[in-house]
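*Asks:* Taken from Swiss-Prot, the feature domain 'UvrD-like helicase ATP-binding' applies to 5-481, supported by sequence analysis. As annotated by Swiss-Prot, ATP binding site applies to ALA26, ALA27, ALA28, GLY29, ALA30, GLY31, LYS32, THR33. Residues annotated as domain 'UvrD-like helicase C-terminal' in Swiss-Prot, with sequence analysis given as evidence: 526-824. Here Swiss-Prot flags 544-565 as region 'Disordered'.
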Amino acid sequence: MSERTKWTDEQWEAITGNEKSLLVSAAAGAGKTAVLVERIIRKITDEENPVDIDRLLVVTFTNAAATEMRERIAQAISEKLEENPGSANIQRQLTLLGKACITTIHSFCLEVIRSNFQQINIDPGFRIADETESRLMKLEALDEVFEEQYENENEDFFELLECYGGNRDDRALQDMVLNLYDFIQSSPWPEEWLEKMTESMNIPDGTDFGKTLWGSVLLSSVKIELEGLKEMISRALEILKDASGLEKYRAVYMEDLANVDALLKLLNEESEMQWDRIFNALQGFEFATLPRCGREVDKDKQEIVKKIRDDVKQRIRKFREKVITSVSNEIISDLKALYPKMKCLANLVKQLAEKYAEKKNRKSVVDFNDLEHFCLEILTERKEDGSIIPSRTAISYRERFAEILVDEYQDSNLVQETIINMISKGDDASPGVFMVGDVKQSIYRFRQARPELFLEKYNTYLPDKGSPCRKIILSRNFRSRREVIDAVNFLFKQIMSTGAGELDYTDAEALNFGAVFDENAKEDITVGGEVEFHLIQTEDEDKNFTFENEGEEGRQADEGEEDEEMLDSIQCEARLVGRRILELMKPDENGRYFSVFDKAKNEYRRVEYRDVVILLRTTRNWAEVFVDELSVMGIPVFADTGTGFFKTVEVQVMLSLLQIIDNPLQDIPLLSVLRSPIVGFTTDELAELRLVDKKALLFDALKKLAESGQGEAAGKASAFLENLQKWREMSLYMSTDRLLWQLYNDTGYYSIVGAMPAGEQRQANLRILYERARQFEETSYKGLFNFINFIDKLKSSRGDMGSAKILSENDNVVRIMSIHKSKGLEFPVVIVAGCGKKFNLQDMNKSILLHHELGFGPDVVDHKLRLSWPSVAKQAIREKIKAETLSEEMRILYVALTRAREKLVITGAVKNVRKAVEKWLDSASVQKSRLSAYDMLSGANYLDWIGPALLRHKNCGGLRDCVGSAGFRGLLIDDPSVWSVKIWNKTDVQSSGVSEEQGESEFIKWLDSLEKEEPSEYAEETARRLSWSYPYVKASKVPAKVSVTELKRRYNEVVSEDVMQFPDYMPVLVKKPMFLEEKKGLTYAEKGTILHFVMQHLDYGREDIEAQIEEMVAKDLLTPQQAQSVDAARIRRFLNSPLGKRMLASKSINREVPFNIEIPCHELYRDMEDEACHGETLLLQGVVDCYFEEPDGIVLVDYKTDYVAPGNVETIRERYKVQILYYARALEMLTGKKVKEKYIYLFWDGRILGF
């Protein structure tokens, strides 16, 4: 294949295009990273005009992406060098790669600041503050600001506090100030933004409110809704065409349509005081009474058209009461009254910024926001007229770089955009900008990403070759099967538009199939298949539905009832998902297994649990239920929730211990420690403690109990108090991390939790706690009290962390993750669950809303009457935020669906299927190819988008049948996508498990079956039996289970065992971590364990061993010190050895394979009497390091990391002979295949010992 033919035409244009500004819109799975790398490679290896790689600035979104990019470029350069080994230029590029600017925007900013620190008067020895430290400094600064306001008795401050400070304290106002400070950091010049937006509320009298930013947003919103109402009335008129007995209705509905048209005409006209004219028109909008009809009418159609008219009335009422509520002068008067309050709020933020900056300066630290703003300060200058121009430093960077390449451009914010502009825009000599991304995957607005930056260029750049500003669309998807591609296109062509989604999903944006799958699959397997849509009804079928309206006028269930309903809904969905996963793992009715295409082996294989991912909009409240339900069904599952760390028992116990070391006069933490294994009080002993002195503090009662000296509880109390006093003394001079180290050691708690269920996870959590304490001690805040205070603030601000990660990519489990975490990943089978969950619009209920373009949106508050209502500015911002939030939700759905490679399953739950489908039917009953933006923005969840779209699919009649196909009047679409729609009720789903009633019934039957116990009359027989002696006492001392290591020891009694030289291998991370040992560094045993762990988890298909080890560190699978102990060169030597090459050539490689087999007792205990061991067996357990299969049998490989003296090779062979023989025996029993060869590989010197 030539270099050109392996790329599509569009990809080749993106690789070779030399336009000044090039925007590449790369759809999901379009190979954008490969294109980016190839463009760089072509530039630096161009024979006529090569560009040194250190003259390219490559900006990525994350450090991991930067590392991956650097590795891929290095690999590509190496391949070019192999093709042309004599090229001095390619060798030069490989040398320059180390200093190339392939980096995140923050790292680039840091480089600019360090090189030009003198320009901004900053200490050149500054460091970047830990997030913990910066938050604490910010809180301290905020407290100082508020204290000053109280001391100065600032009236404006007290007025602001009265209006927005909350009922009991000033916490709500403090949070407001913090939120506003954080919000403005994504603006290039935060204080200028504050000034501008504050002054925008001081509107001159006589202004047409419709000409303000807020007014124009509200009028645009009203226009979209009026167009939606027009479609609804037109739908009703269409129904009335052939509705018998309803002819008189038609004139009334025509009048309604004319009134709506008149309002739309006013909105489209440019006129003086347009707002007031529309206000007056709305006030005069009257709905005529529907005339009476005869008895012979079509009742069903009458009900439908009446419901449509009621909805129209409700919307017009909303315009009057909540949107266009008064004339311009009245609105302006309200906003002017809010102006001093917003000015005071802005001043508080400025004071916070000033004090926070002072604290950072004193400690010579900066935070991540400072990196961008300081960099911008260095790169810009202000002219006398206030305009911004590039500084000399910026111009020097323009001269340095030949091109700037920005990855994930859709996630940029305005500060980052300005930085790029300063070093790229200008004359023809300035570097060009290559931007690549996909606005349909912009899902980080909560991090202040600005997708409109991408959209602005997308809508203005031309596709023409040679245009100075050009766009190229990469729409071919190389990831997914055609079934997935067609389904995604079918949905998004209908639901995504500029009104809802901020982009029209046209044929240009649609995905094109480009993946390569072997379509000649074997007949005994099933592959791909239709996209599945499972809809669950969670309410009982026979329930009398008294309410369905979830709006403001609907019945409000109490909080407990809602929580219970939500949990029930999640359980139902989890059970259905679990059932579907089990079905995928089993053969179908024809005995065929569902299979996926393995790219590495270039063949199909049976689907495994690791191939399946469950994507949730949020894991909170959902993931735990899914884990529980799937686990009960026997499905191995792991959820990366990102929360729950502080709720784990082991972390709570250790934090409680730290709390009472700091202050023992705290009953609840003390009780937690006493009940834990650290002290081990039983419930009876706790009761005894409380009775010592019922009114005293628990700590005082504990001292009295210890002083009594009576009983076991007193002994425990005395020992614990002695230890507590010792730890309290240590805390005065010992850092928190070292104190934790000491506590783990003294209490043995680390080892204790390791023996508990999920012990490895618990130990990992304790290591994370230690690491968190170590990081805290590196900040300027030190000491136990400050650490406890920080943790309390972290918990109270919902700053929980996820539990430690102990999962590797090779673990065969179903993964549960949020859609956000799945971005950039792909999975063979994707289940998008929870589609019935309501969108989270809670942020729109805050007292003051904020928007980058619209500024402040406060409530109007009359604190004397204790009344508040949203200002028109807030209403405008609310509409804007809602539209932006729902557009982002639509993009999040797009990200979720495009993660699937081979199989896509969508699930969601509703209370009542019929009523849900009726609602969707209203949205779907349009004759246009795209559903209305009005209906999409009215959706409450993903189902409200997916449902109406599927109702219009020609082959989804089953969904339409829920309400009767005759009621559907929309456009039926004959689309190539293939769907399977299944509707479930609660009973269907619950049948997959045992119901609670069933369980209770079985329990009662068991109780009834019990006979009343009668006293025994056979005393003599009882005594005889109790005095019986077991004849095989000696055999009873033989263990039922023994390890291969023990066998080796017994067979090598002649040779002494040197533990340091020949360590036993233990599972990784079971022993105490290095920081608990009384020595520095890692033992030989630990190093051997770590090497075995790495060999188990390495992807042999990748050559970047070092990078994989770094990834293990990033995932908390290894510590940095453990990673340093692994010699990648020795691993590579093994893989390049004849044995290693044979292994890599095998299609079946198995690593760290545990086994349990039975062996006769006398094989091990030869000195036991024959009668004692006769017929007895032992369970032999062990773990085979590695074996691989060849056509004529199995090859067994065991790794050893021992140091071997030159003359001791045969000793090694003899020492491990028995172990290897038993490994081979176990493998033959497990696989039924012959082990033809057995080897030990010595990592120390690369020798291979055969047996």
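Yeah, the Cβs are placed from backbone N, Cα and C, and that goes for glycine too.
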*Asks:* If you count Cβ atoms within 10 Å of the Cβ of ALA28 (ATP binding site), leaving out that atom itself, what do you get?
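*Replies:* Its Cβ shell of radius 10 Å holds 24 other Cβ atoms.
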*Asks:* Can you give me the same-chain residues 6 or more apart in sequence from LYS32 (ATP binding site) with a CB-CB distance under 8 Å?
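*Replies:* Sequence-distant Cβ neighbours: VAL24, ALA26, ASP407, VAL436, GLY437, ASP438, LEU474.
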*Asks:* Counting only residues 6+ away in sequence within the same chain, which have a CB under 8 Å from the CB of ALA27 (ATP binding site)?
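*Replies:* Once residues fewer than 6 apart are set aside, ALA27 (ATP binding site) is near ASP438, LYS440, ILE473, LEU474, SER475, ARG476, ASN477, GLU509, LEU511.
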*Asks:* Run through the Cβ atoms and count how many others sit within 10 Å of the one on ALA26 (ATP binding site).
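*Replies:* Taking every protein chain into account, the count is 26.
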*Asks:* Using DSSP, would you call LYS32 (ATP binding site) helix, strand or coil?
*Replies:* helix
*Asks:* If H, G and I count as helix, E and B as strand, and all else as coil, what does DSSP give for ALA26 (ATP binding site)?
*Replies:* strand
*Asks:* What other residues of this chain sit with their CB within 8 A of the center of the CB atoms of ALA26, ALA27, ALA28, GLY29, ALA30, GLY31, LYS32, THR33, the recorded ATP site?
*Replies:* VAL35, ASP438, LEU474, ASN477, PHE478
*Asks:* Hey, what's the Cβ neighbour count for GLY29 (ATP binding site) at 10 Å?
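*Replies:* There are 21 such Cβ atoms around GLY29 (ATP binding site).
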*Asks:* With an 8 Å cut-off on Cβ-Cβ distance and a minimum sequence separation of at least 6, pull the same-chain contacts of THR33 (ATP binding site), or say none.
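*Replies:* Residues satisfying the criterion: GLU68, MET69, ARG72, ASP407.
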*Asks:* Report, as a single number, how many Cβ atoms besides its own are within 10 Å of the Cβ of GLY31 (ATP binding site).
*Replies:* 21
*Asks:* Counting only residues 6+ apart in the same chain, whose Cβ is under 8 Å from the Cβ of ALA30 (ATP binding site)?
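*Replies:* Residues satisfying the criterion: ASP438, LEU474, SER475, ARG476, ASN477, PHE478.
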